Amino acid sequence: MMLLLPFLLGLLGPGSYLFISGDCQEVATVMVKFQVTEEVPSGTVIGKLSQELRVEERRGKAGDAFQILQLPQALPVQMNSEDGLLSTSSRLDREKLCRQEDPCLVSFDVLATGASALIHVEIQVLDINDHQPQFPKDEQELEISESASLHTRIPLDRALDQDTGPNSLYSYSLSPSEHFALDVIVGPDETKHAELVVVKELDRELHSYFDLVLTAYDNGNPPKSGISVVKVNVLDSNDNSPVFAESSLALEIPEDTVPGTLLINLTATDPDQGPNGEVEFFFGKHVSPEVMNTFGIDAKTGQIILRQALDYEKNPAYEVDVQARDLGPNSIPGHCKVLIKVLDVNDNAPSILITWASQTSLVSEDLPRDSFIALVSANDLDSGNNGLVHCWLNQELGHFRLKRTNGNTYMLLTNATLDREQWPIYTLTVFAQDQGPQPLSAEKELQIQVSDVNDNAPVFEKSRYEVSTWENNPPSLHLITLKAHDADLGSNGKVSYRIKDSPVSHLVIIDFETGEVTAQRSLDYEQMAGFEFQVIAEDRGQPQLASSISVWVSLLDANDNAPEVIQPVLSEGKATLSVLVNASTGHLLLPIENPSGMDPAGTGIPPKATHSPWSFLLLTIVARDADSGANGELFYSIQSGNDAHLFFLSPSLGQLFINVTNASSLIGSQWDLGIVVEDQGSPSLQTQVSLKVVFVTSVDHLRDSAHEPGVLSTPALALICLAVLLAIFGLLLALFVSICRTERKDNRAYNCREAESSYRHQPKRPQKHIQKADIHLVPVLRAHENETDEVRPSHKDTSKETLMEAGWDSCLQAPFHLTPTLYRTLRNQGNQGELAESQEVLQDTFNFLFNHPRQRNASRENLNLPESPPAVRQPLLRPLKVPGSPIARATGDQDKEEAPQSPPASSATLRRQRNFNGKVSPRGESGPHQILRSLVRLSVAAFAERNPVEEPAGDSPPVQQISQLLSLLHQGQFQPKPNHRGNKYLAKPGGSSRGTIPDTEGLVGLKPSGQAEPDLEEGPPSPEEDLSVKRLLEEELSSLLDPNTGLALDKLSPPDPAWMARLSLPLTTNYRDNLSSPDATTSEEPRTFQTFGKTVGPGPELSPTGTRLASTFVSEMSSLLEMLLGQHTVPVEAASAALRRLSVCGRTLSLDLATSGASASEAQGRKKAAESRLGCGRNL
């Protein structure tokens, strides 16, 4: 109910309010107010209670959602019990319902069963201006003497208006007159009446009468009025008229005043003498008949007496007009208004009205506390304290209480839970008493019947049942009958029985109606000595209630089990016991079955002292009997085979002894003993055992046991299993470690700057501090087609002979600077030891450097290096052609006709295979010839790094192309693009198409990092493209070193930026192997890279001074082009400075050539001095 409180507070309309007592938790008292205007037609809707409370309408359901508990008889209102719709049943007349009461409120109570609330409905009937003011008579006649003085007042009849508020009587008005005026007087009770006032002297001779119109009007919209004609007759002069001591009086009398009681004595005086001074009293002409019947006046004395009983409830006030006149002629009466108020007295006893919530006095016993039972209304017709009623209950148990809701209305609530089984009928007495000085009371007796609910579970007669029975009972044996009682009525009190499911519930069964328990099967004491099950008793009410009880069944043991021998172990009722005998002494040893030296019975006592000093314990027979008590007590005896009384068997313990001190004579003999084990039951059961006792010596025993197969013990088996598991675990661990330590080789091109930066930010690797001054990134010379390993030996001999014939063999012996690429080439070509050991190796290295094919990056493939260097291949050297030239078109057409050939799958390098159908270089061509062509190719690669301002002529010889490159550098028109990719050279994306420059097919196109390398078709060079090395050296050497060499700019063709030299050998995963110290000097000692300390082997021997020109030229040109391809972007001024250094280096070369007759050390010293001053060599 506490949950209903906020619901009701939030759902009531603005005209409603809720109050609820703190001790009432089941029924809320709600007050709902409605307003309706009077005179509405029948059937007009006043309000809907379901909308006010927002409860669901119970259409089509049993019972009513709303019920009127008390309705005034005069109120024409009806209610729909389903949704609480209030409407008028007939015409509403506020004046009839409330008379002059304002506001007009009528109330009644409604019980909302859906919301568990008592609704106090209060309907305010609003007044409309449906009545006009009315005078008692339409015409009133007055008499006045012509000698009346000014300001004489004559009371006029008061008009009545049944409406209230603004619609009631508002004021009066008088038609215009020069002799009379109107004065409106407001009485103590807010009533208004008019008085006629003389404002001008009267003259009967001029005006004998006056006709005036008195109008009374209200303040309604529109206002209504009523008129009365006042006729004033002017009489001859009578000097004086009677005058009352007070013109108006108010009198209060109790309503219980006895008729005939004098209420007031009025007095009036007239100063005249004789008849003109005698005064008589009478009621005015316009006094109502009700007043005339209720009151009377004595004409002589002026006493007003009560003629009949008063009733405050009918008329609480009376207004009386009393007049007094003398007995003279033309008498003028005097007027006096007397207001008589009736005082209410406690003359009405309270009346008690009971309205049941369920239309009957039958209540359910499962009602919770503070449940609503009935509405008690105490009515008292008296007013004030006389009408205030207090009610209370007179009861024995205190299960009910009354709670005031509003006024004299109470709710009858439950004060405790009800119990039909103890009190099926409750008798209550309701007392009501008002609050008057002499209180009046009333009483009413109530009888409340309690209906039964299923609130009692069945109860067994005992809290636990126990029963005993013999085992091996027949099925359907009666065990016990259970009985449970239920105090409820009808089906709520009918009890049924069942057994709760359990492991033993299948052993018994119970009758559903009677509760008789029987056994379903034969019971066995040896399986269970007793069992317990639960019986559930349930009634048939809703909801169903149940109770349970435990029943213990004890089984009595019967001797139904024979003894069972456990030791010795029997085989078909037989057992064998071997006893060891010392053949020399005849002493008995332990039985074979008991090698531990302890008592066979397990007592821990040595066998010697068990029975007697001369006896020996052979065996303890262990038997058991599943029966209990005497049925399980066992007796042991030897039945047969002991005729010589050699053995003794303990009857109670089952210990078998032998009575002998020297058993030498028993060796080899055997005894068959018949042993009987018998219980003490009735009848007794027994078991027979055949025991064979054999006496043997220790030698015989050992001989027999040698033939028995060996059996591994449990600890040995455990150790073997543990060893196997550890071995398996070790193998798995070794396999796991070997897999985890497998290195993933990444032989991609290395960038020292990026590697150093990324290496520092890897927290799982140690920091490798690399000094930038100690390392220098050099370009790698690359070759072309794949060569097989099988042609390598023939190439060695051929290249050497060709080199000697051309006069260049001395060049290979000259000391020159090895680039890291050349050094790795020498190191990786088959474990060669010394450079001076074989000049052919160096020559083969150069050939391999420029002719080795480029393959796919093997960082994610299996890297299988060739066991021997591939065969020599003539490097591809093609002059640049102008786009559209005949040579370019012929070559392009030839390339289109040739189909590419796939390289051998067995070749493994860091670059992927290229499809190239090239020709093998002629044997007559020397190594320097190939080196020069490679340098030309590197120069064109440098042009591919930019959009050239000036382009070298495509038909110029190779050395002239290098000269043109240097001239562009000198003029500041070429700035090499910086390279940050180590041994890879970036090129401008979007190279020329094959149709434009077809002679660049033999070179590798560059690609951005992370992109796939495009496959380019490669074609063989044309014969006319081969150049003579001698002609190159004779005609163009001077122009190579001359900074003022002119360029044929008009013949330049755009280079193809999509190619560069191929990598000659695969790179290693160790970045140290891809770097070199550029400042390392040549020495005859074994050479070592200063940065990483890797020993290569002995260097080449110094060549004669006359042959150093070609070696120096190759070294300086290699250093120059390394700088061009690997340096960062420099301004034009830096390029000019580099060219000036190159000129000095050229003069250094000339100096070396001029001083060929000097010693090698002197020439080398002068050269290094010049280089150190201007930064020649690798510092260029």
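Just so you know, glycine gets a Cβ as well, placed from its N, Cα and C.
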From Ser496, Ser758, Ser799, Ser859, the one Swiss-Prot labels phosphoserine: Ser859
Position flagged as N-linked glycosylation site [Swiss-Prot], chosen from Asn415, Asn786: Asn415
Segment-level pLDDT (mean, integer) for the domain 'Cadherin 6' (600-711): 78
Helix, strand and coil residues within the domain 'Cadherin 2' (136-244) as assigned by DSSP: 3 helix, 54 strand, 52 coil
For the domain 'Cadherin 5' (461-565), the number of residues DSSP places in helix, strand and coil: 7 helix, 48 strand, 50 coil
